[in-house]
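Presented below is the structure to which this report refers.
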Amino acid sequence: MAQASVQIGTPLLTTRQAEELHKSILAYLASKNLATTAATLRDELDLAEESFDAEKAKKYEGLLEKKWTSVVRLQKKILDLESRNHLLQSEIDNATPSSLSRRTQDPTNWLPKAPPRYVLESHRLPVTCVAFHPVFTSLASGSEDYTIKIWDWELGELERTIKGHTKAVLDVDFGGPRGGTLLASCSSDLTIKLWDPSDEYKNIRTLPGHDHIVSSVRFIPSGAAGAPASGNLLVSASKDNSLKIWDVTTGYCVKTILGHVDWPRAVCPSHDGRYLLSTGSDKSVRLWDLAGGRDAECRLVMFGHENYNLCCAFAPPTAYPHLAKLAGLERAPPPSSSAEFMATGSRDKQIRLWDGRGNCIKVLVGHDNWVRGLVFHPGGKYLLSVADDRTMRCWDLSQEGRCVQTLTGVYEGFVSCIRWAPPVVKDADATAGNGRSEGSSLADPVVAARRRAATVGSVSASVQIRCVVATGSVDGAEGKVRIFAN
């Protein structure tokens, strides 16, 4: 039989991609018992049977169908986005001056309003945590139902469900080294898992090492003095009373931080990655300096809460002018500094604001139950909190921390977590979040961290606040995610 002169494959594919496609087709044909067709294709490709036997073919079974359905989902998303774009364009064309002014509201003063844009339902048990992708419109949520779900917050659609943990998922966070964003999760099953968003959220690594529940996990930003340069570090907090720092490229624990005498329930890094803030069941708030090399130095230990502490957050430099006034300072700290002000929430129903010397500068009272989550407004003027009293409260730091808004009637149960979408950063080094330059205006997460470390004194023209907030809650026996957006 004469050999065909037409090259199989497409010049749009690399050699490796073409090989993977050929193997997927062969595996598909084998699964359908089309042995003759498979043999003909194998002969055309000059692929020896021993180099791609039945055992190796099993790895590729279902891959072709999965890629096909992924294309269908993407086509649907494109159609939905085109439809939404058309509607938004119609709104702009028909906008009155008053409606247009509402749409162009100053983002530094925007606050979440009821009703939420979307109420996302799929989790069978309470939602414990949420996290935004730094580039795309993806949101991850973790739940006591052992799963992580990935949503498109712009469309309000469930994209996929990730399974792997064997107990409740307690925290999630996006971040990682330059050239590729990762998703980290931690669980009551004592493990931390890393997932690759660019490869259908494949579990690429599991980090064992903690001896008890792992309740908090955060990527450590890079690019500032004293911080790791590669952005490949992750910090975790556990009921074994320790904090651990991990290298996500190797999976090794590079540092164990001891000091808490009871469960440190929450940990967060400063915007430049130099400091860590931790708090928990020993009622203490601890500030750690990572600039000393192998050992983390405990710079401050703060007490004041009367019950277990559940959450903590560093204030962004945009909040320094307001918090400096609360602290009685004549001049705000320079924007280039970090760990100047902090906030903590507790089961004592209070929120405490602290300065960098360890002084409590303000106690915010208003919640009627445990305070579960805190987030500072990127513009620096507000602090948002959620609690078991089924409310979200907004505190105006320019008015001595007065509560200026309470969202009630939105939640059916306890509100467990809150996150603000990271800013859109315009940068020449932008990538699509998977290591390939796409000329996008959305920056690599590490580039974004470096840009924030350099320009965080004000809301720079290169940094655009995204007016999007996500919360997780307990609604009856199930969990729900709510999206508030401008």
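Every residue gets a Cβ built from N, Cα and C, even glycine.
Here the structure is a predicted model, which means the values were calculated and not measured.
Lifted from Swiss-Prot, the feature list:
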type   : residues : note
DOMAIN : 17-49    : domain 'LisH'
REPEAT : 122-163  : repeat 'WD 1'
REPEAT : 209-256  : repeat 'WD 3'
REPEAT : 259-298  : repeat 'WD 4'
REPEAT : 321-364  : repeat 'WD 5'
REPEAT : 366-405  : repeat 'WD 6'
REPEAT : 448-486  : repeat 'WD 7'
So if I exclude everything within five residues of the ends of the repeat 'WD 4' (259-298), which remaining residues of that chain have a CB under 8 angstroms from its CBs? That is, six or more out.
212-213, 215-216, 218-228, 233, 235-239, 241-243, 245, 304-314, 316-317, 338-339, 342, 344, 346, 352, 354, 356, 358, 449, 452-453, 456
Under DSSP, the repeat 'WD 1' (122-163) has how many residues in helix, strand and coil?
0 helix, 25 strand, 17 coil
Summarise the model confidence on the repeat 'WD 4' (259-298) as a single mean pLDDT, whole number.
94
Going by DSSP, how much of the repeat 'WD 5' (321-364) is helix, how much is strand and how much is coil, in residues?
6 helix, 17 strand, 21 coil
Using DSSP, what's the helix, strand and coil tally for the repeat 'WD 4' (259-298)?
0 helix, 16 strand, 24 coil
